[in-house]
Amino acid sequence: MDGIIQSLGVIFSLSGIAVLLIGALLGMVIGALPGLGPSIGLSLLIPFTYTMSPELSMLLMISLYTSAEYGGSISAILLSTPGTAAAAATAIDGYAMAQKGKANEAISISLTASTVGGVLGGLALLLLAMPLASLALQFGPAGYFAVGLFGLTSVAALAGGSLVKGLLGAGLGLALATVGIDPIAGTPRFTFGQFELYEGVPFLAALIGLFAVSEAISLAEKQARKKPLGKTRVGHVFLSLGLWKETWRSMLSGSVIGTLLGILPGVGGNIACWVARDYARARDKNPEEYGKGAANGIAAPEASNNATVGGALVPLLALGVPGSPTTAIMMGALIMHGLHPGPQLFTEEPTLVYAILFGVIIASLVQYLVGSLFLPIMARTVLLPEGVIAAGIMAFAVLGAFAIRNLMFDVWLTLGFGLLGYVMKKLSFPVAPVILAMVLGYLIESNYRTALVSSRGDYMIFLTDPISVLFLILSLISIMVPIRRAWRARRAASHSAA
Amino acid sequence: MSGDAPSPSQADRTRPVSELVAGAVCLAASVAFLVAARALPEGHSSGDVGPGALPLQIGIFALVCSLAYLGLTLRGSFAAVPGQFAQSHRAGLALGIFVLALVAVPWLGLALAIALASALTTLLFDGPHRLLRAVATGVGIWLIAVLLFQMLLGLPMP
């Protein structure tokens, strides 16, 4: 009970409200700028959270994460260019509605649905995280190793594109995680005599490089021209009663779909938005309206992508296993504060845990307030020149990388990761498994070796522990499903060719 | 095993050179990692597999994946993308500007170096009032570096 009261005290303190407002504003701007998203936003934000308390830093990150999910819909509606991948489904009906001169209505649906989705996802997190964490406290090292492995294989398999590339990315991340002093024996590994590597490859350098710098380089290459807003005017964003009545069912179904899919590792808003839209369309009396500016075609995906925020935090808080790059960044931030996310956090840091649990709900409400008040300004930010965005990202990346340990070594490392991330993007290698593997590397290795020490080197421990067996089977399934899908697609293609 | 990769019937049957090069690099890196992992010591305590055990397994895993990647590329599972790196010169220039700026940090200082790099990067983009935009970006970045990072966050700028 003390934890709840103290966490609410932090949230409703002057600094708590300030970080929530700043996070919401930044999140909307970053979400609205095409190409950027919550992962890039959070990676550039982390250096500013060093000096904050863990509670305030988490509130800032949650607020940015939530609002960036909504912000993606602003450019999707106004420019037909989704700011984030999770707003791709919104662009179809949102832009069609804007073309009819109803940009205000489209954005009001998006903002309200995002708020509803965020609040419901937050409530689900509040209800699910604690019982799951109690269950996870029973896990032994073998079980934990398998849980970590499952988180990794599912993200590698579902990160998009080729499975083999996802697995190679996971392998690269795990290899990078082994650099530095080994967690059991204290032996330096792959440091090549560089003292800067004794603590391991700085997670933040990899993060900023792979997400932010690579995106800045890609922006420099693309040099896409933005369509002017023309006569589109945006002002108030309050949802009318009629639109409430029309869309509330889609908001609810989208929220449930988003929360459930958000919990699954590797499945985020970019998949949930399409599932929610398809579900809403299948249940709608006028499915032919979809694609022509249907209100439910905006409400369902927007509710779902914001609901994934609460869902994605469930495995992070309950198991200490992030299911998405964004939650991996949040886990990295917690580690930098000297904390180890997982079920023990509920007893060790109750104020922090409740600040996160309530923070998702409060951040969604703050997002509604900020979204309503600052929309005309947000609508202009989508037209910010790409040259300025690219240069700004690079500059912030360099300064953020230097802020990690005040070492130029980290800056060079960040640029190296940026180049790697750019090449990976060009070759359709997902970067999410690299980041996730870097975060999970410690958990996987320490539990793997602790389990073997406890069994005196007997590998059967992984096949006799029921939790371990369950998650090893799930890992196998997560790899086999895309292989089977690809095999069936190939067979169907060869049949149709014959 | 290629997940959502285009089916061979849809894909351009020519083998993409970039994928082949990437596969070869992955293979070489896996072998190098495996060799380095083998040099790590054995575990000392009973049951401890030692600091080299997991890196060794990661190396083998990466080696298998690299071979699968090369095999899939040779089978035509990945479509060749014409001009995939054709526009990369501007991307390379943007990165190059920042690399040069970092080299110049001992003489210019970090704040001024990245402000200049930002201004030059902005000039790479077309659009109206390029020079004005570049100057504004440079000044803005310099102010952010000094006021926000150096003064507010207390970052000791080189």
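Cβ atoms here come from the backbone N, Cα and C positions, even for glycine.
Residues or ranges marked as domain 'DUF1468' in TrEMBL: B:21-158. Sequence annotations record features per position, and here TrEMBL assigns transmembrane segment to B:20-40, B:52-72, B:93-125, B:131-155.
Comparison of B:20-40, B:52-72, B:131-155 by number of C-beta pairs under 8 angstroms to the transmembrane segment (B:93-125) places B:131-155 first.
Helix, strand and coil content of the domain 'DUF1468' (B:21-158), in residues and according to DSSP, is 97 helix, 0 strand, 41 coil. Mean predicted confidence for the domain 'DUF1468' (B:21-158): the pLDDT average there is 87.
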